[in-house]
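Structure first, commentary second.
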Amino acid sequence: MLTPLGRLDKYVASENIFNRQMVARSLLDTLKAVSEDERDCIGVLERVGRLADDSEPSVRAELMEQVPHIAIFCQENRPSIPFAFSKYLLPIVVRYLADQNNQVRKTSQAALLVLLEQELVERGDIETLVCPVLVDLTAPDSNDDVKTEAMAIICKMAPMVGKDITERLFLPRFCEMCCDCRMFHVRKVCAANFGDICSVVGGEATEELLLPRFFQLCSDNVWGVRKACAECFMTVSSSTSQEVRRTKLSSLFINLISDPSRWVRQAAFQSLGQFISTFASPNSVGQYFREGEEGECNCVNSQNSIEEKPLNLDTTDPSLSDDSPADILAPSSFSLPEPAEEESPFVSPLDNIPEQELYNSFHFWRLPIAEMDLELLQQGESVQEEPPSYVSSSQGKTKASAPVLDRKQLEELIENLEPHIDDPDVKAQVDVLTAALRATTMDSHLEDAFLEPRDSQGGHHYDNPFGVHQMPLIGHHSDMERRNSTLQMNHGDDSELSDSSFSPEDEKKSKHQDVIPQALLDQYLSMTDPSRAQTVDMEIAKHCAYSLPGVAMTLGRQNWHCLRDTYETLASDMQWKVRRTLAFSIHELALILGDQLTAADLVPIFNGFLKDLDEVRVGVLKHLYHFLKLLHQDTRRKYLYQLQEFLVTDNSRNWRFRSELAEQLVLLLELYSGQDVYDYLRPLAFSLCLDRVSSVRWTSYKLVSEIIRKVASCQVLLADFLSELVEKFCHSPKWSGRQAFTFICQLAIEDDCVSLEQFSEHLLAPLLQLASDPVANVRVLLAKTIRQSLLEREYFLHSANSHQEALEQTLVALQMDLDKDVKYFASVHPGSTRLSEDAMSTTSSTY
């Protein structure tokens, strides 16, 4: 019958090691037991100090594992003793950082990082108690293992403690450790964390103090150190000025790419695209990023600093994978600034902001991409007309459109611009106009490839859109060869679409640009060379595809000609992982290139992906809406008939594919007219509503309700659609179909998809007939719909309403139902539950 403190005293002095371990493990429970008495709490903390002197390493390690939990408890429950942590617990953590036992040291290091992340250590204690100890542990005469571990802790602490403490206390020792001639392990730790230190101390300290050390580490005689430098190169580059990036870091990176070690070359090529992205100067591209609330940043136009676009930076989507560059490596958006007249020089408000600060807020590798408008305006006195330009709004509607020029007008414009081709701006316009010329040819080739077949009389086949004309799926080697030949034909069979008219000298010149050092671009373009896979990395093509949107954004649409051949090579790569990577990011690339280049160069590749393996098709499907909304309306409409092909997969068990299709179809509704939705999306929606997997069905119910909203403006389409809905679901022989009809009606009411008058005219009578359904689950959902949705609307409560009597009679019948659940939901209105949640819980367990 010992008190908590008495029991603690008894077992702390026990000779049995397991008893002392048990004491350490139960310290938090003991504190909770005496939490009402402040003196007893302090007594427990004093005994912690005695336990910290235990000679057994396992006891000390067990104690250190409990320290973060004890610290959190003290902070939350004992605010009256704020000194408890700094007096009793923090000294133990710091002392254990130099413990002779490796397990104890590792545990104390982990505990310290947790305490810092949770902000449980006061800033004064960090500066006076923690930092001096860590600096001493990295002294030249310190133990090698302790020195390496302490340096790793310093590097991890730097972002937490901030610039001031890092510069004053950590930076001198960090620079010293970068040159440690005896221990390459220490140099490797410094190299691996070099970018983090640069980000903390800023551009000035990076260029003056850290870059000389970085050059030494990049030429270290240990390949592991050089490899670590290659991996953090982008972060280091982000902290320097554009001039240093171009004149010093570029040549240094070229040395790493040609390193004797294959592992260094592999890391360098993987970081090449990221390094190139750091050349995307906000001053030249036209927008910069300003940090906002957590998980959000603001994209501010340099020409109009008032206009801001919030970007959602949520990265918790579980569907993301390393094969999804559109989400993981999506290039943040920029807008090309309009060229200014030579009498009115362009002045950017960014000129007064340090460049490295702008870039550090940008960080190319963020997600998702924002809306952007990319336009190249004419310049020069010889240009009489502007090339066509289209601007896609976030609502998927065309806000502005210049007149579309025919082939003859485009050829005349190009001919007028030829004498001024030396001007970079004029050259960029020629590239765009040339792409537009190719696009006009593309239209005639694409016209017959998309829309549904016609019968002999020229009419459309509307009867059974799912029965015939399925596209072949790729599953065997012969199919793969056929797909590759198709891709090659798409890109090379038309002489006007290829660059065969250019001489080899012109072809070589077409790869030149002035945005990044040409040597970097040449190395990036060489990543598709088959010899690279043998000498560097078997997956080097995948890394090239992974970073291509970032490189394209950095170079700008005016230099797309430098990347076009590389992109086509990657799109026809035999490895499906490479094509999958491109498929996930093709919508981002389309946003960067604009509508004309997209139609000319990306649409054929997009069409090839539609016929590819499911692993590739899912990338296209996941961002189908984002890609199609960037196309012209006529081109976009040509894909309507092909949507049915997504219902057929290589593996029928791949239900997530169909679920993603249903989600995309909800988004696609805004891109098409009500007639097109009725003709093409209606059969898809009804088919998905009958899927074997409940998750697919629930998403499809939402799709059907949104189709009702889309066609509600046309009385004929609405009447036909709702009539078919009643026939297929309300009169279905399966109870799940009748229950689905009830849920769709509930969604239509709650989401205001249809007016109450239209609902009453077409859906109310069939809905009330389900009161006599033989399946209780259908009647339960009907009772919830009437009680929680219909009777919540004043329209159905008005005495003059002709439907009020029918509703009351149905409700009375349900209240007298033999099933107790039906009776309950018809009689009671659970105010805390929402019908959609209740319905989901009911049917998901019974489907």
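Including glycine, each Cβ sits where the backbone N, Cα and C put it.
Per TrEMBL, the features are:
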- 313-323: compositional bias 'Low complexity' (COMPBIAS)
- 505-514: compositional bias 'Basic and acidic residues' (COMPBIAS)
- 308-348: region 'Disordered' (REGION)
- 380-402: region 'Disordered' (REGION)
- 487-514: region 'Disordered' (REGION)
- 130-169: repeat 'HEAT' (REPEAT)
- 210-248: repeat 'HEAT' (REPEAT)
By DSSP, how many residues in the repeat 'HEAT' (130-169) are helix, how many strand, and how many coil? 33 helix, 0 strand, 7 coil
Who are the chain neighbours of the repeat 'HEAT' (210-248) in space, where the CB to CB distance is under 8 Å and they lie at least 6 residues beyond its ends? 175, 178-179, 184, 187-188, 190-199, 201-203, 255-256, 259-261, 263-264, 267-268, 270-271, 274-275, 277-279, 281, 355-356, 359-360, 363, 516-517
Could you tell me the mean pLDDT over the repeat 'HEAT' (130-169), as a whole number? 92
May I have the DSSP-based helix, strand and coil counts for the residues of the repeat 'HEAT' (210-248)? 31 helix, 0 strand, 8 coil
